[in-house]
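J.: Feature table excerpt (TrEMBL):
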DOMAIN    180-249  domain 'DUF1736'
REPEAT    470-503  repeat 'TPR'
REPEAT    538-571  repeat 'TPR'
REPEAT    574-607  repeat 'TPR'
TRANSMEM  117-135  transmembrane segment
TRANSMEM  155-176  transmembrane segment
TRANSMEM  197-217  transmembrane segment
TRANSMEM  237-256  transmembrane segment
TRANSMEM  268-292  transmembrane segment
TRANSMEM  298-317  transmembrane segment
TRANSMEM  324-341  transmembrane segment
């Protein structure tokens, strides 16, 4: 029995979802409708809160929560050395997303995250806009009019403190990252790696348009937007440039509207615009390239600015013409209801990995990572044909996708298509030589084709790149056993167990090998340790039962056989009943032996040893 590993994802798995808050929003809407016809900031505040609850985005990442070693580790200090996904922050493989308080509490995840720091910039803008006063003063001598501006001392103090705090946090992050920038792959953010300036700039601006659309109309939500999800704009004739033009035309008209507005409205609109734009800047690829194309979680804080703009607009409509009050409020409640229904519908996509990945496929069919994940869930559902197609499509979309090649090769190996499996594994290690899982799987394929020396070299190569690799040591032990080198096999399995004391397959094969080679004393010596580590592992208990049966300790053997069969449950095989049948046969409990042989034959009517032994008893 060989252990085969899937490729591990090293990239960020940025996924987000709309969060429903329907009940609260409807309560706020009712309060709003019941307000009198005095229009002011209170109404805007209520509308903004209501709209924001329907529009907010929350980051979710199973890789950061379920599989993060900092979450499940007993060491509470390691999280301060690692990024959000448990990778050492100083490593080149780290995305430099440093959120230790998130790992600690899952509540303060925006205190020192990227767009969390940008909120300090908004605080500065807020202080300037709200406390900045411009007034005219006429000179008594020359009768000329001067424009004077004024900010009080307390405001200057607050601006200075917030600025220093921002600088301190940015410098602290830089120190924590080891003073190095993160290194991303072209698949993470293709536009950032483009050598053509037009392609880079045009694609980035189209991405801004898509982020704006996701705020206004969150119809296309996907857990991952990398790997070709948004094709690069490489020609001035690309129709998507029309969208970019419309975005900036709208921006121009919006700026004109701000300039023509009254003083109070102008301040509010500038604040809302600042809250919309400033938190998005770290994701805009302006200051530095980022490791994603679109990350919906980045829109969490900007969505608050968007919601504030909606509230300002609704308030202005109502103030302009009180006759349209009911129409505007009805439209507002309708908008909240639409977002609520969309949130409710989106929640179904998050019920399982399968539904989430299938939804991603409908949004980003050109995304190789989406295809890869669909293939994994198809394989988990035993739909091998579909999984093969999706893995091959992922490789077609991204020819350097070595993780997909590794997993595709595993499926091909299981179907005995060893030549094609070897082709993909060799291609995977040629693209990434330090890919221990692929080297190990290549060793399994080579062992199946009886090329033992090449197989051994592949296993040793895997161990070269990952020294503490218990699965590889286990498979190497299997190879040595097949080569009749039982001493080397024993050494490999002991090494696997020393790294991972709960490696069930290594314990099972080691005890079975010692039993079959007459080293019963050694087997009996390690059995207590094995049972301490794995007291409920049926394959191990079955191997131990065979050891006790061989030395005629029938009661112990019977107890372990029965326990193993009970633990195997619906996965019990003919050999399990056949072996306990042999035990009863030797124990001279012939009726029980017959019963066990018959049960074995019910599972597999062609099981030779059971047929032969049952025939001996019947004769």
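Cβ atoms here come from the backbone N, Cα and C positions, even for glycine.
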J.: For the repeat 'TPR' (470-503), give me same-chain residues lying six or more residues beyond its boundaries with a C-beta closer than 8 angstroms to one of its C-beta atoms, as numbers and ranges.
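T.: Result: 1-3, 5, 436, 439-440, 443-444, 447, 452, 455-456, 459-460, 462-463, 509-510, 513-514, 517, 533-534.
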J.: Same chain, outside the repeat 'TPR' (538-571) by at least 6, Cβ under 8 Å from its Cβ: which residues?
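T.: Sequence-distant neighbours of the repeat 'TPR' (538-571): 504-505, 507-508, 511-512, 514-515, 520, 523-524, 527, 530-531, 577, 579-580, 582-584, 586-587.
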J.: With DSSP as the yardstick, break the repeat 'TPR' (574-607) down into helix, strand and coil residue counts.
T.: 27 helix, 0 strand, 7 coil
J.: What are the DSSP helix, strand and coil residue counts for the repeat 'TPR' (538-571)?
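T.: So the repeat 'TPR' (538-571) is made up of 31 helix, 0 strand, 3 coil.
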J.: Find the average pLDDT over the repeat 'TPR' (574-607) in the predicted model and report it.
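T.: Here the mean pLDDT over the repeat 'TPR' (574-607) amounts to 94.
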